Amino acid sequence: SGLSRESRSRAVEQVHLRCTEGSLEWMYPARALRVVLEPNLASARHTTVCIKPASDFQGASIYVERAGQLHLVVSEAEGARPHHVSCFSAHSPQRVALFLQASPQRDISRRTASFQYELLSNQSAPGPDFKKMALLEAMCRPCDNMELLMAICNSDFVVKGSIRNVSHDSENHMSRVDVSVHKVYRQKNRIFQQEERSGEWRGPIRTLLQCKVKKGGGDFLFTGNEHFGEAWLGCAPRFKDFMLVYQAARERGANPCEF
């Protein structure tokens, strides 16, 4: 909280965050805050940083430090845009410094500058914005057999289910697939949950609008990865087709992991 600082102090407080993904909430922003992302990893494979401001983000702007210069990443005005995510490459994968500059204010009304962040490897972030960040999960084409087999090993979520509804958001270039889940094999967080009334498991999965996802009958195996608490679609074969591929690979001893 900015209120916890000495009013006359001009020192910039520093915060060190060790996780590859997480969040920060700065209440009553005052003066400046330096946030150093330095994941406790031996490898330096995380080379892209993505920041998603909260919908009520206000009171500060976010900059990234590069060679002693500050470059604007998120302005206070941009913070209120839903689904707005800013991504940039990290010159030093093991240490990224963000600088939060508080906006001038006349009163002491509550403002909160909060955001989520993710450090991504090059493979999962081929471009500088959030829509491209999801391209690996939403390539708008069927996965080949090896991609299907790897998807059940590497995905953040693997569920069997059917499509309840598909809605499209043209402004944010996204589609939302509402899924009735018959079995959860794995999920990183609780995106797919059981409803108290019906006892049915449900959850939303996002994909790119350009993939033109339509509602189809039957059971599918939905796989993909999570970004900022949302599930993004990866491989999604019909369940019976996947089982044929998996059983054939298992008989040959070619399955990369057990399903």
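Just so it is clear, glycine is given a Cβ too, placed from its N, Cα and C backbone atoms.
For 152-227, the entry in TrEMBL reads domain 'Netrin module non-TIMP type'.
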For the domain 'Netrin module non-TIMP type' (152-227), the DSSP helix/strand/coil residue counts are 6 helix, 45 strand, 25 coil
Average pLDDT across the domain 'Netrin module non-TIMP type' (152-227), rounded to a whole number: 90
